[in-house]
Amino acid sequence: MFNSRNFFLFLIFPLPLLVPSALADLSQSGFNDSLPYLWPMPSDFTFGNSTLSVDPRLSLLAAGNAGNSEILKAAFDRYRGIIFKHASGVSMLDKLWGRRRTFVYDISELKIDVQSDSEELHLGVDESYTLLVSKKDAHSIIGEATIEAATIYGALRGLETFSQLCTFNYETKDVQIYQAPWYIKDNPRFAFRGLLIDTSRHFLPVDVIKNIIESMAFAKLNVLHWHIVDEESFPLEVPSYPNLWRGAYTKHERYTIEDAYEIVAFAKMRGINVMAEVDVPGHAESWGIGYPDLWPSPSCKEPLDVTKNFTFDLISGILTDLRKIFPFELFHLGGDEVNTDCWETVPHVKQWLLDQNMTTKDAYEYFVLRAQEIAISKNWTPVNWEETFINFEKGLNPRTIVHNWLRGGICPKAVADGFRCIFSDQGVWYLDHLDVPWDRAYHADPLEGISDPSQQKLIIGGEVCMWGETADASNVMQTIWPRAATAAERLWSKNETVSGNITLSVLPRLSYFRCLLNRRGVEAAPVKNFYARRPPTGPGSCYDQ
């Protein structure tokens, strides 16, 4: 194993030697230097009081099984571009005046050591890492920056943390790491840390979705829940049933199969899975534009027709096509807000119910369970909204993951019955609810009401939901951020992080992270506005809005 402490570097400098000076204490710049300005907060860490300079020609030393990873190489290049956006090593004044100066930097190499050569991205993949950033000492005249991880995805999380340690000094015009040496040992609290986007209520161009995915990586979120279709529009190409995307708003607001592949591949490069959702049997009116036989009648366009094999053949065809695109083992089948009243008004459906000796509630259950069987046959684990658990928990396949959204207390009941659960209580983690302040979202805990450790393990995580009725490409980012960051930290960091006065311990870091997002090109709205996504109320610093 390479150890920079055992290295002696001898350099001859024919030109004047300059060492970048340290910036004044953070406290003099309006920051509390007792706080680590990292988001989400790492599990365990120590830091010191030294300042290190980082070479703008920072190189990557890939060790272990990281050497051949294109994911790692691409990530290093991305983060190097973020870290050194302002720093080139030569100032414009020096160029203009023809001055040649040589700098010695404390950190010139980032070593990343990965144990596993697997790049499989699955639920629960090991995202832990350790990060060491040390100053030069008596044993070495160079500093050390090392990330060690079991998997490539842990290394990606470590790279994000390293990038947040790096700060551009506008006076010396170089990148510095304050409060060194740093030792960070980090791992996520939950395996599933999600963000839902809704491309049915408003179409989101592919580049916008990519920007959302990129921003998710900054907060260590790892699942994009893609609510692709709904009653308003069906924008996705399905080769087996090519008329389905006639349900798109227009021919310009569609996703090709190639678009979907590209989104999934883009997300994987950032350690993010994409969980697709096809919501049945409700929320599906748009399906019938291309295939009217799916509608029970012209006046009853949803729920889908439960009586026809064609309905389930089409669902099977959709899932067969999507299985080739979405490798993540979870697939969301919806199942929420199903109003079955109109089934009783359609003669052939009413007769079918009589023949099957079913009520409309029974037929709702029959539909959901048959869709689950189709998904399971294609090696997917079904995820369903909580109404399916509320209405017929005993009928659900035991592999079902219950997705809470409507009310509190559902996850405790689900895990008590042996189901896994995802927490998305609309009162705190629905981003389209613009009147939820940052602190209420931050105080939410997926484990609330669950004390049994064996049941706590069945909470796989949580998700913030960006429903699209009032959000499109013009405002989606500032609606997501920075409030999504509150959930991101609660899902990654230890529960102890929320203890104490969060106005003092969390708000300054959240404000700093919001401004970091802005610097990275993410349109994150002010933190302290009562209504989310509102612009600033007047002039002032980014860090105090």
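The backbone N, Cα and C atoms fix where each Cβ goes, glycine too.
Remember, TrEMBL labels are computer predictions, not curated facts.
Pulled from TrEMBL, these are the features on record:
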SIGNAL    1-24  signal peptide
DOMAIN    38-165  domain 'Beta-hexosaminidase eukaryotic type N-terminal'
DOMAIN    190-494  domain 'Glycoside hydrolase family 20 catalytic'
ACT_SITE  E337  active site, proton donor
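Counting residues per DSSP class in helix, strand and coil order gives 34 helix, 42 strand, 52 coil for the domain 'Beta-hexosaminidase eukaryotic type N-terminal' (38-165). The average pLDDT the prediction assigns to the domain 'Glycoside hydrolase family 20 catalytic' (190-494) is 98. Long-range Cβ proximity for E337 (active site, proton donor), meaning a same-chain Cβ under 8 A and a gap of 6 or more residues, is found for G282, H283, E387.
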